[in-house]
Amino acid sequence: MTLASDTWAELLEGDGAHVWHPYAQAADPGYIAPVVAASGVRLQLADGRELIDGMASWWCAIHGYNHPVMNRAVTAQLETMSHVMFGGITHPPAVKLAKMLADLTPASLDRVFFSDSGSVAVEVAMKMAIQYWQAIGRQSKQKMVALRSGYHGDTLATMSVCDPVTGMHHLFGEVLNKQFFAPAPQSPFDGPCPESDMAEISDILAQHHNEIAAVIVEPVVQGAGGMRFYSPDYLRKLRALCDAFDVLLIFDEIATGFGRTGKLFALEHADVEPDLLCLGKSLTGGYMTLAATLANKRVSEGIDSGDAGAFMHGPTFMANPLACATAIASIELLLSQPWQRTVQRIHDELATGLAPARDLPQVADVRTLGAIGVIELREAVNMREVQPMFVERGIWIRPFGKLVYTMPPLVMNSDDVATVTAGMIDVVSRL
Ligand SMILES: *Cc1c(COP(=O)(O)O)cnc(C)c1O
């Protein structure tokens, strides 16, 4: 379907008057693309042009858009029950999804708490960690240790564990909790992790473990805080440190979960079990907003045993049946195909396609892991200039800072991956 071209102007006029976009000025958000439909890996613009989506809508749309299997799952659940409260009630999609998540993740993680978004899943994990120590009589353990270049969400508590610089801590002054920050791991993904990577975090834990509830990290891939990859060996050493100093370990796999790094979960690269695990983003294949926090028995039984008698959290839309049914369909669809081979193919195509960027003077680094391809520039891009350049080349890429990156839907074919990487190289070479 092609819409009249005045739809473009009309949409942007309405948008300009009333809509506030993420990380953008209200009155002057820069380039905005009016998308009226999406199918497969293509976004359709209001004037009928199509863009190949290199972003999977911020890691989510692993099966692409308008997928018949996903559409059927949503429709079937819609005709059964779209929502019911979760206090004192359960329902088949929640039970089935919780069992699937418990089965797919490390054996010790057997309790699932559903919420609406990734940030909330991280807040829930932080609250669980704090409430756990409170429940077993160690009230002093309330702080978090996080890594520089990390990203864990945009709500006030999650911001406090995001990188203090890119997370704009200075804007929020006294309101953000003061947490401990360790350096981002320097060891590369395919190398060992030297003791130097552990020195500072070891010191923090040694000195302050009586105040520390948990360490929170994104395993193997630091996403929105810098698109950095690091050694799985770091996670093994971190688990040992947390055990030595009696501190819980939280893995935030909201970006990395469901195949993106070549394993179903990034923690599998290290074979390490956290005490708490956060999932979101591609959990529903990008169809609905849903997130989950998984806990082991130590945490759930500890909290149960406390004075409060319960974990104190309860989202209105907790375990929304439509979202749970969609997540079940998305996971079944992913697991029904040779997804590891697909991720490997996309990886190899991204590595080949982005390699020429290494020769450009404006490029500081090119890196790939799983179905993630990153060009790091020496200077931050000018979004107003660069965004329309990608659209002119028929691709949707949304850089941030110095990073021009792609994590395509896993259904993207080789020709489309080649178009995306060629477009990225062409745009970057003109900056
Ligand atoms: C996106 C993201 C979040 C926040 O999820 P929202 O759904 O945007 O609230 C948290 N942690 C990581 C690692 C993420 O990539």
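For all residues, glycine too, the Cβ spot is worked out from N, Cα and C.
Any TrEMBL annotation is an automated prediction that lacks curation.
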*Same pyridoxal 5'-phosphate site as Gly118, Ser119, Pro315, Thr316 according to TrEMBL: which of Asp47, Asp53, Asp246, Asp252?*
Asp252
_Distance check against Asp252 (pyridoxal 5'-phosphate binding site) for the binding-site residues Tyr151, Lys281, Arg398, keeping those with Cα within 10 Å_ = Tyr151
_Minimum Cα separation from Lys281 (substrate binding site), reported as the residue among binding-site residues Gly118, Ser119, Pro315, Thr316 that achieves it_ = Gly118
_As a check: which entries in Gly118, Ser119, Asp252, Gly314, Thr316, Arg398, the binding-site residues, place their Cβ less than 6 Å from an atom of ligand 1?_
Gly118, Ser119, Asp252
*For Gly118 (pyridoxal 5'-phosphate binding site), which of the binding-site residues Trp58, Gly314, Arg398 has the nearest Cα in space?*
Trp58
_With every protein chain in view, what's the tally of Cβ atoms within 10 Å of the Cβ of Gly118 (pyridoxal 5'-phosphate binding site), excluding that atom itself?_
29
*asked:* Measuring Cα to Cα, how many Å separate Trp58 (substrate binding site) from Pro315 (pyridoxal 5'-phosphate binding site)?
replied: 23
*asked:* Looking only at Trp58, Tyr151, Lys281, Gly314, Arg398, which the record lists for substrate, tell me the maximum pairwise CA distance in angstrom.
replied: 34
